[in-house]
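Here's what TrEMBL has on this protein:
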| type | residues | note |
| --- | --- | --- |
| TRANSMEM | 12-36 | transmembrane segment |
| DOMAIN | 13-267 | domain 'G-protein coupled receptors family 2 profile 2' |
| TRANSMEM | 48-66 | transmembrane segment |
| TRANSMEM | 78-103 | transmembrane segment |
| TRANSMEM | 115-135 | transmembrane segment |
| TRANSMEM | 155-179 | transmembrane segment |
| TRANSMEM | 212-229 | transmembrane segment |
| TRANSMEM | 241-265 | transmembrane segment |
| REGION | 292-313 | region 'Disordered' |
Amino acid sequence: MATVLSLHDRGILTAVNSGASSLSFVGSGFIVLCYSLFKELRKFSFKLVFYLSLSDMLCSFFNMVGDPSKGFFCYAQGYTTHFFCVASFLWTTTIAFTLHRTVVRHKTDVEDLEAIFHLYVWGTSLVMTVIRSIGNDHTHLGAWCWAQTGRTGKAVHFITFYVPLWGAILYNGFTYFQVIRMLNNATRMAVGMSDRAYQFDSRTDTKALNRWGYYPLILIGSWAFGTINRIHDFIEPGHKIFWLTFLDVGTAGLLGLFNSIAYGLNASVRRAISERLELFWPESLKRWFPNSSRHRNQQQQSELVSLKVQDQQ
């Protein structure tokens, strides 16, 4: 393990960062495009997913286009990446909050909180980005201009990004645990009911429960190596570990792709795509998507609101 990354190592990191960020840009951009094209997706629950994907798309974009060799672009890349990455994980907390408020607390006023969500996400992201300028001494690690060489700057970077990040992870994990426990209890109660109006589609609910359980793991998997790398860099400055930095760059760059698959590519999106494909594509290609004709008269699955626990009036 070399203490300083070679030009060859930096070239590899640049390629990994560009490739991973490109995949995230395409994945999150696809969700943004679906929201823009399909009117049936423009509901409050998916609107939050749209804002999450938009943040991921911009974070990935600036992560790719920043030029570490030029001072102005290095600063621009560092701050815009910081801003939109913070916004990304903050939007996941609004999704978790919405799900908890709807399912556990049985509230129907979540749409009235949209303005507060925007103030919370964009305002907090801006404050964290401004505070990060304290002790600012940007450098580049071949792939991007997010790193800082000053000890104070490293500490501020950790406080303004990784501390709120892990706070969001803990909040999401606790929130989804409560939601899953609530629905498990409701499922057991529904089994003993004879009235079919209160019965669950157990297969659908099991898939939804499993899907929610993975949401906090996305942030953990994407930022665990980055957190370890930042702590190591603070303790032993100048001693770079290539494999750790490689995993840091790769997993962080793929966050937008993971989010687009987990949050965005749900039953509603697949159904909307399937309906369009039925109009234009040959039969041999339709089999890759769910047959929407079987579901048109069923209640549309929502992974963020109501979730068939009970009707809220």
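Numbers here mean position along the shown chain, with the first residue as 1.
Note: Cβ is positioned from N, Cα and C throughout, glycine not excepted.
Just so you know, TrEMBL annotations never went through curation; they're auto-generated.
Quick caveat, the model's predicted, so the values are computed rather than measured.
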Outside the transmembrane segment (212-229), six or more residues from its ends: residues with CB under 8 Å to it: 89, 92, 96, 99, 162, 165-166, 168-169, 172-173, 176, 179-180, 241, 244-245, 247-248, 251-252, 254-255, 258-259, 262-263, 303
Contacting positions for the transmembrane segment (241-265) when only residues 6+ beyond its ends and CB under 8 Å are counted: 1-2, 5, 9, 12-13, 16-17, 19-21, 23-28, 30-31, 34, 49, 52-53, 56-57, 59-60, 63, 85, 88, 92, 95, 141, 143-144, 211, 214-215, 218-219, 221-226, 228-229, 232
